[in-house]
Protein chains: 2
Amino acid sequence: MEPGNGRDSGELRGDVHSEIPYVHRIGVPPKPNLRKEFKAGVKETFFSDDPLRPFKNQTGWKKVVIGLQTVFPILDWGRKYSFGKFKGDLIAGLTIASLCIPQDIGYAKLAHMDAQYGLYSSFVPPLIYACMGSSRDIAIGPVAVVSLLLGTMLQNEIDYKSNPAMFRRLAFTATFFAGITQFSLGFFRLGFLIDFLSHAAVVGFMAGAAITIALQQLKGLLGIKHFTTKTDIVSVMRSVWGSVHHGWNWQTILIGVSFLAFLLLAKYIGKKNKKLFWVPAVAPLISVFISTLCVYLTHAEKQGVQTVWHIEKGINPPSANQIFFSGEYLGKGFKIGMVAGMIALTEAIAIGRTFATMKDYQIDGNKEMVALGTMNIVGSMTSCYVSTGSFSRSAVNYMAGCNTAVSNIVMSGVVLLTLELITPLFKHTPNAIIASIIISAVVSLIDVEAMALIWKIDKFDFLACIGAFFGVVFISVEMGLLIAVSISFAKILLQVTRPRTALLGKLPRTSVYRNIQQYPEALKVPGMLIVRVDSAIYFSNSNYIKERILRWLTDEEQILEETKQPRIAFLVVDLSPVTDIDTSGIHALEELHKSLDKKSIKVRNSDYNHTKISNFSNTGW
Amino acid sequence: MEPGNGRDSGELRGDVHSEIPYVHRIGVPPKPNLRKEFKAGVKETFFSDDPLRPFKNQTGWKKVVIGLQTVFPILDWGRKYSFGKFKGDLIAGLTIASLCIPQDIGYAKLAHMDAQYGLYSSFVPPLIYACMGSSRDIAIGPVAVVSLLLGTMLQNEIDYKSNPAMFRRLAFTATFFAGITQFSLGFFRLGFLIDFLSHAAVVGFMAGAAITIALQQLKGLLGIKHFTTKTDIVSVMRSVWGSVHHGWNWQTILIGVSFLAFLLLAKYIGKKNKKLFWVPAVAPLISVFISTLCVYLTHAEKQGVQTVWHIEKGINPPSANQIFFSGEYLGKGFKIGMVAGMIALTEAIAIGRTFATMKDYQIDGNKEMVALGTMNIVGSMTSCYVSTGSFSRSAVNYMAGCNTAVSNIVMSGVVLLTLELITPLFKHTPNAIIASIIISAVVSLIDVEAMALIWKIDKFDFLACIGAFFGVVFISVEMGLLIAVSISFAKILLQVTRPRTALLGKLPRTSVYRNIQQYPEALKVPGMLIVRVDSAIYFSNSNYIKERILRWLTDEEQILEETKQPRIAFLVVDLSPVTDIDTSGIHALEELHKSLDKKSIKVRNSDYNHTKISNFSNTGW
């Protein structure tokens with residue numbers, strides 16, 4: 001935590017060779033100033049993005065304007081908004097609206113809520129985000145994974161079938177606290193906490209969630225009436241097989257499977273030809289219209305084809321008075337909200353970062369969290385459940401040529417019209433279509449390529465990935481999440497307690513020293529043991545490093561004794577990758593020094609200019 | 001977690017210069033074998049001390065013998081034991097016995113137990129340890145800090161005054177689970193977990209506990225009858241001042257203060273002249289005898305001088321049936337035991353390591369934990385409370401010339417005789433003497449020199465130290481401990497989320513590149529930005545590193561624009577301290593690459609031989 005306390009690991013590799021030897025003698029850097037250093041440390045930790053930079057050298061009034069623009073970026077980009085940009089936003093907005101309406105209905109079912117709550121959540125939150133968010137490409141609304149997670153966790157507390165009103169109240173409470181969590185993380189600049197969920201764990205979790213969600217859709221797709229409330233694959237498959245003789249409805253299956261084939265084909269076309277991105281984007285709405293028409297004309301609902309039946313007409317009713325602010329459900333709502341809020345945040349930030357990189361603009365993670373938090377807090381008071389950025393809709397938004405968050409406003413407008421005017425038309429929409437749409441949407445969450453890459457790069461990461469995956473599929477969504485977080489943390493702890501050390505040998509005909517395990521041609525230097533420590537030395541690993549070095553020595557001495565070679569007189573510890581060392585580290589090295597003194601082995605630090613770790617002045621190294 | 005997956009940070013510094021340039025081209029290391037690597041990883045993490053090494057190439061019977069010797073090292077060293085060694089052990093054992101008896105009585109009071117329980121805890125546990133432990137210098141028994149911690153935590157659950165029997169039962173339960181915790185940590189090879197309590201935090205915690213313990217002794221030293229049960233300095237001082245007019249007893253103060261002066265003088269003598277180490281060691285017992293005699297002759301107890309009064313005669317009664325194995329106290333006992341066990345472990349392991357280094361032998365942390373755990377499990381069934389290694393007594397043991405754990409057996413024997421024969425003599429021992437002995441014992445836990453060194457080396461470590469100190473002194477022992485652990489963890493998390501990055505410049509007349517903040521004479525290379533990343537790149541810091549590098553670039557471009565200098569065309573990222581990179585890291589670097597492509601800035605890795613991080617083959621770097 002002390003940036004630059006006279007410890008410097010050095011020069012650029014390969015540039016060290018020099019004609020006159022004395023030039024290597026570089027003076028000790030000036031003594032750092034404690035107050036300055038502390039300030040720099042705090043700044044780097046919590047304000048690494050330097051949020052106050054634009055306020056510098058500004059007059060009072062200008063500061064207020066900049067402040068408002070910081071909280072509401074729309075005031076900034078809105079002034080430069082043009083009709084040219086609007087054209088792109090309008091097309092993108094209409095495209096994502098056509099995609100989101102059937103998805104919303106399905107996702108609301110995943111969260112065990114009535115269909116209209118999905119639409120509500122695509123109306124208010126996008127408007128708030130458009131004013132406060134800094135991503136230009138993200139499309140806001142309910143998403144599959146968060147809906148599933150929320151539905152499962154809420155169901156653990158209150159049964160949605162027997163007590164839908166209380167269930168809904170708890171959902172709003174959770175949404176409120178999800179917003180509070182997101183807002184606080186951003187406001188207190190703790191956004192870096194979401195980085196603790198590793199990419200690998202998220203990939204596994206998402207793939208597992210996608211499978212779980214797809215399995216849940218078997219209910220709608222096969223027309224099963226009695227379905228398990230559990231989400232693990234064993235319970236679901238048992239439920240599916242158990243109903244094979246009396247529960248399956250062939251008309252439903254016919255509709256569902258044929259439209260699923262159509263949707264997947266559309267998806268394939270969109271993938272093959274990037275210009276036809278709109279095909280998979282409008283296919284869901286087309287399916288809904290065609291299938292609804294079919295059912296209406298053939299009266300298939302009388303043959304047992306289940307339909308959406310009823311969607312409440314009209315825009316979001318207020319729900320602030322339904323939030324539990326006391327009682328036993330306050331704590332439960334808080335817990336569920338915190339988890340759902342963190343997951344929603346992880347997804348939204350990942351999307352924001354991805355698209356910002358593609359268009360080369362910066363998004364401010366902490367500001368995004370404040371925007372997303374505010375959006376969910378307001379959402380919880382207007383009958384919405386947790387909304388966030390959707391991967392599939394954001395990708396469509398981007399490809400349809402959106403320029404700003406106005407596309408979200410357009411989408412929101414279309415949802416408004418839907419709620420006010422056309423909800424009765426969904427009466428005959430078969431559930432099987434909604435199920436097909438969800439399955440085709442979540443399929444892309446299973447990123448086999450990413451998994452293969454993770455396997456290739458890092459086996460421990462793959463363990464986190466596959467652990468999260470199996471946790472979600474075979475146990476439950478929360479369990480998968482817990483496994484993902486635990487493995488991610490375990491990885492950090494392992495990294496800091498068991499850093500690598502390597503025995504170095506000299507490569508023949510060079511003066512380059514390399515790890516002898518990796519370079520079998522590297523030769524040990526007689527009478528000398530060269531060990532490299534591959535990590536900063538902290539209290540968490542100092543004892544291990546000391547003991548590991550002594551063990552290298554014991555092993556080596558044993559071999560030398562057996563082969564009757566001269567014993568070791570010098571131990572060289574290469575500290576080039578050691579960028580920091582704390583008091584425990586110094587302590588351990590002192591002890592190492594003492595132990596070796598007893599064996600009359602001399603210790604040398606390979607860092608020839610002696611300026612690197614000024615702490616060593618205390619150790620006698 | 002993948003030791004040596006083709007990633008190698010390199011050669012020894014200062015040896016890179018070479019006559020013929022082509023020799024730098026070193027081939028790519030052979031592809032590592034996954035199974036082998038995984039095995040090596042697990043071995044390094046949990047069996048880094050290679051416990052099965054002695055069993056290699058041995059016959060069946062020999063394996064049994066080695067196995068027994070591993071569990072009971074006494075079978076190994078006992079065979080080579082000689083009378084010469086016994087002489088040293090006898091003297092050391094008698095010395096620590098004379099020190100431990102008065103301390104035990106005082107520490108039992110700290111734990112709110114009757115005096116005999118302190119003596120019991122110095123009888124059975126040292127015997128068990130002597131058979132199973134591998135340290136030759138540690139002296140086992142109750143210690144001040146653990147007694148205080150245990151006393152405070154037990155008092156939070158059950159009041160020792162109104163319900164001493166239940167209090168004692170909970171104490172045995174806690175002791176049992178402290179043993180279980182210690183045993184499990186060792187058995188499952190999780191001993192590295194105690195390394196997470198940093199040295200700095202322990203120094204602060206110990207100093208705070210010493211002050212708290214000393215303050216508690218004011219009760220005995222001033223002869224106050226009504227004393228607070230809280231341990232924070234404010235409550236204690238209020239209690240002391242509140243009783244100034246009617247609670248203080250001048251005879252008690254006279255005895256206490258004069259003997260305290262004597263004890264501190266003895267301590268000073270021992271410190272000045274190492275040969276007189278026995279002076280502070282026997283001073284407590286001498287004080288006890290003299291003061292007891294004084295009180296007996298002057299009948300000072302009639303003047304209000306409080307005495308120890310009664311110590312139960314006879315050895316440890318069995319207490320296995322008193323442990324709570326069910327009910328609400330099971331959970332509480334487990335929690336208290338776990339905390340006390342961990343702290344006891346930290347102290348014992350630190351002592352073991354310190355003296356092992358001084359005499360140059362190895363102690364096996366995990367085996368020590370199994371020994372200490374067994375000792376406390378057996379202790380809990382024989383009316384002992386948590387015992388561990390004592391710093392002060394171990395130091396005396398070492399200086400008195402102990403050779404093996406036999407000195408603990410001698411001490412145990414003396415305690416046995418004390419319990420059987422001379423407990424009635426303590427009837428007239430004034431409490432003030434016990435208080436003086438404890439104060440003079442805990443004074444050395446306040447290690448001002450260590451604190452000064454921590455301040456000098458690492459300010460963040462000092463924060464952990466002082467946080468733990470103030471937490472103990474002003475709030476409570478548990479709170480101080482919690483603060484110590486939290487700050488230690490926060491430090492690890494900070495270290496992995498906010499690694500340092502440095503801007504490098506070329507030192508004039510050299511080809512050495514250094515951090516320009518530390519070396520103001522280092523000059524930036526025109527048209528080039530050189531950034532060094534000072535840590536492995538993992539999911540927890542990959543985004544930060546990416547954004548930090550982009551920020552260096554933005555800052556630099558702004559300066560260049562203002563001063564109308566040529567803009568940056570190359571970004572060189574020095575990855576020499578980067579010893580590992582995971583999938584998230586690769587991902588972040590890919591994104592960085594894309595961002596810079598947009599700005600048409602070329603990225604170069606300074607590692608000229610391209611073999612270091614084979615993962616980069618996937619990134620286009």
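Heads up, the Cβ atoms here are built off N, Cα and C, so glycines get one too.
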Which range of B:408-426, B:522-540 is transmembrane segment, per TrEMBL: B:408-426
When counting Cβ pairs under 8 Å to the transmembrane segment (B:368-388), the leader among B:138-158, B:170-190, B:336-356, B:433-455: B:170-190
The domain 'STAS' (B:518-621) - residue tally per DSSP class, helix then strand then coil: 42 helix, 18 strand, 44 coil
For the transmembrane segment (B:170-190), distant same-chain residues with Cβ under 8 A (at least six beyond the ends): 46-47, 111, 113, 117, 150, 153-154, 157-158, 319, 322-324, 329-330, 332-334, 336-338, 340-342, 344-345, 365-381, 383-386
Tertiary contacts of the transmembrane segment (B:336-356), as residues 6+ beyond its ends and Cβ separation under 8 Å: 134-138, 143, 145-146, 149-150, 153-154, 157, 170, 173-182, 185, 191, 194, 197, 202, 362-363, 365, 368-369, 372-373, 376, 386-391, 394, 398, 478, 481
Top Cβ-contact partner of the transmembrane segment (B:461-490) among B:196-215, B:408-426, B:433-455 (pairs under 8 Å): B:196-215
Average model confidence [pLDDT] within the domain 'STAS' (B:518-621): 78
Non-local residues, at least 6 beyond the ends, that sit with Cβ under 8 Å of the transmembrane segment (B:250-269): 220-223, 276, 279-280, 283-284, 287, 290-291, 294-295, 300, 303-306, 430-433, 435-437, 439-440, 443-444
